[in-house]
Every structure is written in C-alpha cells, then in structure tokens.
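Q: If you scroll down you'll find the structure; I have some questions about it.
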Amino acid sequence: MHFDVAHFFEAPPAALRPFVKMHGLGNHFVIFDRRTDRRAFRNADIVRICDARIGVGGDQLLTIEPPSPEGIAGGAYARMRIFNIDGREVSACGNATRCVAHLLFRENGGSALVLETGAGMLNCRRTGSLEVSVELGPIGWNWRDFPLAREVDMRNLPVRSGPLQNGTALWIGNPHAVFFVDSLAEVDLARHAAPIHDDPLFPEGVNVGVAELVDAGTIRLAVWERPGIATRACGTGACVAAFAARQKGLSASDRFNVHLPGGRLTVELQGTMAVMSGPVATCCAGVVEAEPVADFE
Ligand SMILES: N[C@H](CCC[C@H](N)C(=O)O)C(=O)O
C-alpha cells in the first residue's frame, strides 16, 4: 500500500495541515506550527479536530506562533495560543505550556525558554528528557479578572452543589473555582461540578477543581474544565489547588504533590508564583484536513 499520508484524503494537499499530538498526564493537545504556515483554523475545524471520533482528539488545540513585539521585548522564543474544544480561545493551560516548551527544546536544543501566552511570559525549564517545569502566576483573586457577574467574597463563593461548598476563586491566567472536600471518591464530578461551571456568577464559565487534602503536602484533585469536560489532568488547576490549601490555612507547606486521574504533578509555591513540574509525552504526528482560511490576528 502506498503510505503517503496525503494519499488517504480526498482534500487537496493545501487543505492538509501537519500536527503533532502530545499529552501531559493524559491532558492531550493537538499542536500546529503557525510560524511555518500562517493560515488560521475555523471554529468548526477546531471542534472536529479535538473530537477523537471524527478528528484527532484533544482537550485543546494549540498553535505555535511567532512572538509578538511585546513577546520579543520580553525575550520570548515563541508564542502559544490555546483553543478549547468549542473553538473558543483561552489564555492559559499549564500542561499545554509544558508540552509546547518540550517541542521547542527539541527544536533549539536549549533547556530554558520564555513562552509568550495569554497568561503572560512564562519561564519554562527542561528538567529531564521528558520532564518540563513552568513558572505560572502571579495567582490573583480580583473578581473583575474572571469576570464574575457581581462582586463576591472570592474566598467563600456563594455557590454550592452537593458536597462542593465554600469554594475559592483564583486566577492564574485563567479562572478557577477550587472546592475542598473530605473525600474526592464521594464526588461525582460531572454531576456536582457542572452546575458550578454553569452558574450565572461565571458568565464566561470557570474551571472547577475538587480537591482533597491527603496530608500537608499531598492533594488529590479532579478538574471539570471549561467548557465542561473532565480532563485527566489540569496544570493550572494543580497550582491553584495548592495555593488555595495555603490561603485557606489548611496547609503551611510550599511544596505539593498533586495527584490527578492521569498521574502526579509537583507544585512549588513561591509567594503568588507556582512552579509546576511533570512529564510530557508525544502521542502521534500526522496530517489533518482543515479548510484553508486566510491569516488573522
Ligand atoms: N488543562 C489546562 C487548563 C486548560 C484551561 C481551559 N480549560 C480554560 O478554559 O481555562 C491546564 O493544564 O492548565
């Protein structure tokens, strides 16, 4: 059989876009390099590509872009844009940052770089052949950042759902609501977290973290991510869960092992910054059909 990938598509070669798919603890991403091919993606293509049944499958679609003038001034090697499975662009994703930094380390042979994202210039470090750390933050709790429909007590959110109550709202480039529970095993994530995500208090949705403090330095965490999916891991969610444990006075530790359904991330808190570390892996690479669309910014 003729195994030239382009051969399997009816579409003209110009409609085929090369991608690499990576994951960090099963939080999976379809990644495109827009430095070499400036064409953009339609919303409908993003939705299909992220759907494993009819596309590639991913929790987000990522594009690697040339840095903006501000990025260049900040020493960024490249810029990353992040699109949720509904096609909406969001500003932060911890595991995606680690995966893209790994690709860029392979490209330039380095072991430290600055990646420009909607959450700012992020310092990334290679800490092993398949291990990357990223410094995320500053973590904040300004209600206007989220945005919230009205000003509320960010450390004691006026929303509850089943065992989820007394939540904390934290911003780390994207919005999170973190709820500590006695036992994560007793939480039905889709049933209990979805009503929080959908609450009118969060007009743009919110990533809902459900955390159990196992001991002063260990958290079990599950995250119901915008726009309403249970991911295997959430890097920004791990950082804000650790920060919330400290802010709530539940732990005085500044180092946390955060156990997610897909595995373990470590989070080291440095004031309002969080250094999040963990493994990355490459799943596959190939081409996928996407309607050619002119450049946009
Ligand atoms: N999984 C990602 C978060 C994606 C955030 C996205 N779902 C949002 O709408 O903010 C992480 O590792 O941080």
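Heads up, the Cβ atoms here are built off N, Cα and C, so glycines get one too.
A TrEMBL annotation is a machine prediction, not a hand-curated record.
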Q: Considering the substrate binding residues Asn27, Gln60, Asn84, Gly94, Asn95, Asn174, Glu225, Arg226, Gly235, Thr236 given in TrEMBL, which of Asn43, Asn156, Asn207, Asn257 is annotated for that site as well?
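A: Record source TrEMBL; matching candidate: Asn207.
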Q: Work out how many Å separate Asn84 (substrate binding site) and Cys93 (active site, proton donor) at their Cα atoms, rounded off.
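A: About 10 Å separate the Cα atoms of these two residues.
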Q: Judged by the number of other CB atoms within 10 angstroms, which among Asn27, Asn84, Asn207 is the least packed of the binding-site residues?
A: Asn84
Q: Give me the long-range Cβ neighbours of Arg226 (substrate binding site): same chain, 6+ apart, Cβ under 8 Å, in sequence order.
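A: Correct list: Asn84, Val90, Asn174, His197, Glu204, Gly205, Val206, Asn207.
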Q: To the nearest whole angstrom, state the Cα distance for the pair Cys93 (active site, proton donor) and Thr236 (substrate binding site).
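A: Answer for this pair: 6 Å between alpha carbons.
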Q: If you take the centroid of the Cβ atoms of Asn27, Gln60, Asn84, Gly94, Asn95, Asn174, Asn207, Glu225, Arg226, Gly235, Thr236, the listed substrate site, which other residues of that chain have their Cβ within 8 Å of it?
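A: The answer, listed by sequence position, is Asp59, Ile82, Val90, Ala92, Cys93, Ala96, Val223, Thr231, Cys234, Gly237.
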Q: Taking only the Cα atoms, work out how far Asn27 (substrate binding site) lies from Cys234 (active site, proton acceptor), in Å, as a whole number.
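A: It is 7 Å, counting Cα to Cα.
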